[in-house]
Amino acid sequence: MLFRQADRSPAAHEVGYARLPSAQGGSDGRPVTTRITASTGQPTGSSALRAASKPSASRVYCKALERLTAAKARARPHHVAAAARVLHGGALCFGLLDPVSNIIANTFFTPYENNNNNGVAEAAAGELVEDLELRSLVGLVTFLTRFFPYLADCEAVSYLLAADADALVAARIVVRDRRMARFGSSDLAVAEALEMSLKCAAMAAGHPDPHRLVGAWLAVSGRLDAAVALLAKVRRRRPSSILRRSLGKMQLLADGRHRYSNSNLSRPWQLAASRRPHPRRRVQPRQSISITPLKRVLLDAIHGYYLAALARLPGGELRRRLHRSVLVAGHCYGPLADPIANIIINAVWYDAAFPPRAHELELDMVSTLSLHRIGTRSMYGLVSFLCTRYHRLDFRHAVRLLVESDANLLLADPNLDGAAVLRKEERRRRRGNNNSPWSVVSTSSSSSRNALGLGVLPATGVENAFKAAAIAAKHPHPEAQAKLLASCKKLLGPSLSLLQSGGQLTSADVRRLARLLCPESPPSSDEQPLPAFPLKEYLRVHTRIVDKVVKALHACAPTYELHVVCGVNENVSGPVYCLGGSSFAPHKCYRCHVNFLATPKEGAAADRAPVLFFAELSNDEDDDGGGASGTLPLCCPVSAPPPCAERVRCLFCDYVGIRIVHPIETTFHGRQMEFENMVCGEDPFDEDFNPALMQLYYTNTKIVRHSRLVANGVYSLKEDCLYAESRDDDDEEEEEGDQGVVYGSDYDVYE
């Protein structure tokens, strides 16, 4: 068995072995056996990968060998020079073209010393081709799982089968299935992800020189049309002189020092559009692909709305009071045309209708897990609203509809406000479709009409649907919220313009909205000051992070002042075992990744909108820098990606499931080297790691599984003690609410 499990290893399902032939071979003339890592991590990795590789990989290798050999090639190669070069280990079937062209190009991209040792035994040659097929599949799976977050390996195999082992065609199918209408919104982010994915694929497949292979493809990508024309001349029955000239020119292209740009790497993506998969082979989402990827795309979009809502709220009110109402009841569903506006009215109304009664809690940092939880609860509320209104919808179809509608109820439900839908779609048409060269999914279609059908009337009224949404979203007072959302447009009247303008709200704006949404609430001047939060020691972690952020901001962007910290992952660069560590926590992580909003200190009020920042900080108490040496921390502005677009990946943030917006043009820990170590079966923080005795901490399978803890979290958190009073009546109201279709439990949906 060429790809066997290490039966005595606790990590048997994570690590595989394959015969990797070198150019020279071993001392006995046999190929050198080298360990490669299958990022698949499936318990049945050997049989599953082999079964999946047979229909596609075998076929493309036979075609490639036929084109490279002068004599007729049958099922397996004989003693021919070109075939021997294929067998030396670099002729993998992934790259920037179709699989057959990739094999031919990779054959001559990789250094090869012909020592007249082409006489590989026929049986051994058959084994080597099977080995190449299997290693190519490992590389293809790694390519997709590195290119796309939260893509399980078994799903990657399904996409590859649908695409006939064509990596870029499979990637385009993933984009289409995930409804990523704005994929390619950042050319640089997609191009760099493509480059990193190609390198990880080469490393996972055991290529002799992954860096050279990637460099060759990057050089060729700038003149891809010329490369395609040269490869087209590599055919059977062509004179050997033509073959030699074509392949020689191909090597010159690969060895050139052509400076590539983003548009160069978008060209192979565009060419892949012409290699459409056969309709019978296309992936059936209901049968093959779980709902998890669509949920994650939807949750990413919702998280972006919360970052924008935090930026629009005035800093003083946000830090003193509104952080509580945003995290407890600031759901993104509602009747307004913008999810951000819905978050604001839900938070402002809840703070006015149910003000804090016990203590005043001023924080410069909102809880990361609580912010993720309110986003997840909002998602279940959105789904429950649609499924209550339209009984023909199930969870999967509702999530798909919401992804296509950018988590906007007015676009998902055309009967909620027909006039607003027409205005929204008109603005979409004016902006036009995604004209990026990476575009796969059109944004111009009316998703709600396509999914619900023309003329379909809702089965339930708006207020009952909002009540079902509030129950699913675990709102502390679902009936009260449903009544508000059913009538808030009338309550706001002309003041709707405050929310529709998109600008930052002032303290006076917030007070005005509160009076309109909750007229019976007492004026702020009549309120008695509340005592400070008593458990100061509980806020120690918050204070430590905020202090580090303020120092980093002062060092890197002194013209800004902190608005609020809105995302923290303290599990970066680790875990590492510490001899002097606590017996309860013997491991530590060196760094943390932080998102925060900062406001310019100078300028007109209209120009002082908060800006989103990313910072990589040290976890050491006495280190203000980015590492143990006390160097200047990494701190830079970033732009949150639009809904249904690509995002910059980080191994550590993906693993814990925390949505941190990372910079595109700046290197940080977790972006590149850590992914490369993972696919090679290495632990970047343990020099004594032994794959035969120890289990890898990071694998793609573990990333997908572990990140679900945060992505699916809707229940209580330790941070809830900060707002304990807000959950006093929660259980009673949840028991009373029994109307509508309510989602919100991990057991409601089969993934």
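For all residues, glycine too, the Cβ spot is worked out from N, Cα and C.
Noted in TrEMBL for the protein shown:
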- 1-52: region 'Disordered' (REGION)
- 1-11: compositional bias 'Basic and acidic residues' (COMPBIAS)
- 34-47: compositional bias 'Polar residues' (COMPBIAS)
- 60-173: domain 'PIR2-like helical' (DOMAIN)
- 300-416: domain 'PIR2-like helical' (DOMAIN)
- 424-450: region 'Disordered' (REGION)
- 433-450: compositional bias 'Low complexity' (COMPBIAS)
- 555-663: domain 'DUF3615' (DOMAIN)
- 725-751: region 'Disordered' (REGION)
- 727-738: compositional bias 'Acidic residues' (COMPBIAS)
The DSSP breakdown of the domain 'PIR2-like helical' (300-416) into helix, strand and coil residues is 79 helix, 2 strand, 36 coil
Along the domain 'PIR2-like helical' (300-416), what average pLDDT does this model show? 95
Report the DSSP secondary-structure composition of the domain 'DUF3615' (555-663) as helix, strand and coil residue counts. 11 helix, 39 strand, 59 coil
